[in-house]
Amino acid sequence: MNNSNNKEDYVKNYSLNNSSDYINRLNTQQKHAVTCIDDNPLLILAGSGTGKTTVLIARMLYLIDQKKISSSKILAITFTNQAAQNIKDRFISLGYNIPKIKTFHSFCSDLLRKKADLINMQPNFTIINGNMSQKIIKEIMKDQGIEPKEHLKYSTERITYWQNNGLSPKEIDRYYKSKNDEIAIDIYHRYTENLQKHNSIDFGGLIIKSIEVLRNPHILKEYHQYISHVMVDEYQDVNPSQYMLLRLLYQKEDEKQRIKLCCVGDEDQCIYEWRGSRVDHITHFEKDFKGANIIKLEQNYRSNYHILNTANKLISHNKNRIGKTLFTERNFPSDQKVKIHVFQESISETSTITKEIQEFMETGIPLNEIAILVRTSLQIKSFEDEFITQKIPYEVIKGRGFYDLREIRNAISYLRLTFNKNNYHDFMEIINTPKRGIGKESLKKIKEYADQHEISMFKATEAIIKTDKLQNKQIKTLINFINDIYRWEKGLKKHSKYNNIAEIILEESGYIEMHRNDVSSIGSEERINNLYELISTVGEYKLIDQFIEDVSLRENNNRLYQSLDCVKIMTLHAAKGLEFDTVFISGWEQGLFPHQNSIDSEDYEKELEEERRLAYVGITRAKNNCHLCYVINPRNHFYNNNFGHKNEPSQFLLEMYNPDHVQDIMYDDIFCSFNEYWENSFLESNILYKYYSKFNPGDLVRHEKFGTGKIIHVLDNKSDIEFDNNHRKLIYNNFIKKL
């Protein structure tokens, strides 16, 4: 085994045996997905909990062992670094050479560093995150005399939208619709020029610039020579610019020489359309890719059959889907039905859930196997307050990840500037962190000098301290700063233990000391611990530039400490990809879930389908126990001015309701059954009545937003209506009322 001459044979024999064993463990649908290898594109429609990662790995193993494809010619694209690392770890454990396993952004970064001259950049360009991007845009606005408070949010959102759709500044003039758009377009031009000038690029730019490079037929041909198979995980989350990139990689005049494309995804888990993903990328797959095959994975290994049947019934109301029905071979009499809890007040909800959790603890269910999922972050505080009172350990999982913490961002800027002194954005981030007495006027002079001589801020600082433009005290401070950077740079080149030099940089700069002295600030000890965790992480790398590349490409991945025995609280969006023994989902009131913004949207049918997919994702996080909570009286933070208002139950509860799989649990002196309660309490004003009431062609109806109209056709729970303004719309019956 240790003999280098026999290593290749050892790995080959070892991997072949394990590949067969690996594939033999799969079910029939999974085996079909693994062994369906031909020239046609393949979409593996993988339902929740159906083992998609296992299938993705098995397919790569099959290509390597059975089809004799070199692992170096296989490219697998994931959406998170964690997913990529999990796949790499699996290959290592099986004794395989690792295929190219990248995120979209790391693939594009590699491409652009190799072809940097084609986009007029240096190969050591800096990748900036969303926080830095917003700072730059804010700075540009101030330079242009534009008030950030009025325009920052809109301009940032528009730039993100244009980037997600693969549009560079020169392609967006047709998007001018208003004065705000005119400002946003101008800022986009200036923002892109700013990044180019400072040899920097953001996440959206990585994709757009890669598309630009791959449109060169010679470059595309080069990539076709060393990539033969491309596999894409979480295909439902692909945005239009990423889709364009895949189309470019796939296209080739000779169909037999095309890259073999395999995408794995689930249209029922497409919950990020608000940030650019498109469910149509899955539903139109056969149209987009000629001759495509679709294989469904429907056997679920996570949830009990009551949970799956409830989720299936709910998602069946969506029309824009290919369709599949999850099932499980697990069917035990002891399996728990989905429980719908009805409370008069939100305080009853939190106290009851707390008691339920305490009971689960007594049965031996670990706290880290229990999750509270909410529709909006505003719901979280009431659970925090109750858990603190009852001394139940909990952790709030937020969208902000470890590498987005301010103390970590600044620390990385120190390391990055030491590695690349010409980085403008990192220079500005740390020059006064900790405070060095370099004021705005001094920085303005340095920036003007840098712009005038077309040099970096660091080089401008080196030059300006030799003039009389700054005060002696500031010059002395800047000389010390420059000398520190040079000394640390030598340390990076000399030392192989980068955690040691990282600690020296953060200590000698005074950065850690700044947090030690910040005793009056809440969380100062935690921030120091975070910095030492970062230092430890640096020590795991053999090359400092690889560390810098990796942390630059990390997106907002939550740190979920499964090892910590505490209840997890998070939004439904943050829960995607996770699983728990027991799940409580709070907020099943119409207007909260589905959210009122979706109900009021001009494209509300599309918006409602995404809300329904979000509900489906939430329910399918549960393995054994799923609790859905509906509160009758207003939650304070949602209905501050609606005295006497009663919350209607979410239409999703009605769509999924089946007494064979759902159990009614009533609280606060409500003794009738769930369906009876709805019917008796709300009568004709209740959504249940409207949902089940009979509509017929020719009926005159009224819609709150679209006015009066006449029903042309009735389809299931919707009606095709011609309104008085001659507009025809397909409307859910629960949003119309007979006249």
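Backbone N, Cα and C atoms are what each Cβ position is placed from, and that goes for glycine too.
These come from TrEMBL:
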DOMAIN    25-304  domain 'UvrD-like helicase ATP-binding'
BINDING   A46, G47, S48, G49, T50, G51, K52, T53  ATP binding site
DOMAIN    305-577  domain 'UvrD-like helicase C-terminal'
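Neighbour density for T50 (ATP binding site): within 10 A of its CB lie 26 other CB atoms from the protein chains shown. Neighbours of the ATP site: apart from A46, G47, S48, G49, T50, G51, K52, T53, residues of the same chain with C-beta atoms within 8 angstroms of the site's C-beta centroid are V55, D266, L297, N300, Y301. Around the Cβ of K52 (ATP binding site), 21 further Cβ atoms fall within 10 Å across all displayed protein chains. If you average pLDDT over the domain 'UvrD-like helicase ATP-binding' (25-304) in this model, you get 91.
Highest local Cβ density among the binding-site residues G47, G49, G51 belongs to G47, counted as other Cβ atoms within 10 Å over all protein chains shown. Of all the binding-site residues listed (A46, S48, T53), A46 sits in the most crowded Cβ setting, with the most other Cβ atoms within 10 Å.
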